[in-house]
Amino acid sequence: MAEIAPLRVQLIAKTEFSAPPDVPWSTDADGGAALVEFAGRACYQSWDKPNPRTATNAGYVRHIIDVGHFSVLEHASVSFYITGISRSCTHELIRHRHFSYSQLSQRYVPEHDSQVVAPPGIEDDPELLEIFTEAADAGRAAYTELLTRLEARLADQPNATLRRKQARQAARAVLPNATETRIVVTGNYRAWRHFIAMRASEHADLEIRRLAIECLRQLVDAAPQVFSDFEIVVLADGTEVATSPLATEV
């Protein structure tokens, strides 16, 4: 029987920052948040912090976001390794073209034992889940049979790697959209804010909304000055959304 893969989001990389020693400036932050402030101050050479309201890093970054000077957010980035996400969800995810992606290849990785991601609305209903897993099992069985026959048909291909790749790329056509995939996603702070604003909305598909909420939680930990204006709230149906009055790029 098909196994259900739980969503897992792991932060694997984030920006480090080293201030130039010849610039007369310091800040109370580090990493990406410090880089954002440095980039903003570099535009105006305001190293002496003339405005008390923006003297702290948090105050400065909040002002940057409030006035819409979003370009300085593009200097800092975060990378996530995401597993337990369905192929159908990554088809939506990769529409965010300011991100960079590296995704599991079904041409090189066999899917005999692939897990599936149960859609919201099915995952908590035993009868629906049984129908779902039976369909997933049928798809995987068809994949395995096609793969075996295709490899036999391509036996004259002397290059074993090419033979396996050609068989897999044809057989994968019967795998369900719910098949689990794994993907590395890198984006700058501006791109992540846009993603959260678009996909943590109640109007987004629930699977990608869950992904956006989990990414947001880790982004707040990594750079609270940049992401803590988003508020996560629970709706009447028990699902979560995130909104911010400063999220104007949608």
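Even glycines carry a Cβ here, placed using N, Cα and C.
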The residue range that Swiss-Prot labels motif 'ThyX motif', out of 18-28, 95-105, is 95-105
Among Ser71, Ser79, Ser228, which residue does Swiss-Prot name as a further FAD binder in the site formed by Arg95, His96, Arg97, Gln103, Asn188, Tyr189, Arg190, His194? Ser71
Where Swiss-Prot shows Glu92, Leu93, Ile94, Arg95, Gln103, Leu104, Ser105, Gln106, Arg107, Arg172 binding dUMP, which of Arg62, Arg149, Arg193, Arg199 is named for the same site? Arg199
Determine the minimum-neighbour residue: among Arg107, His194, listed as binding-site residues, which Cβ has the fewest other Cβ atoms within 10 angstroms? Arg107
Using Cα coordinates, what distance in whole Å links Ser105 (dUMP binding site) and Ser71 (FAD binding site)? 33
Have a look at the binding-site residues Ser71, Tyr189, His194 and say which one has the shortest Cα distance to Ile94 (dUMP binding site). His194
Which one of these binding-site residues, His96, Arg199, has the sparsest Cβ neighbourhood, judged by other Cβ atoms within 10 angstroms? His96
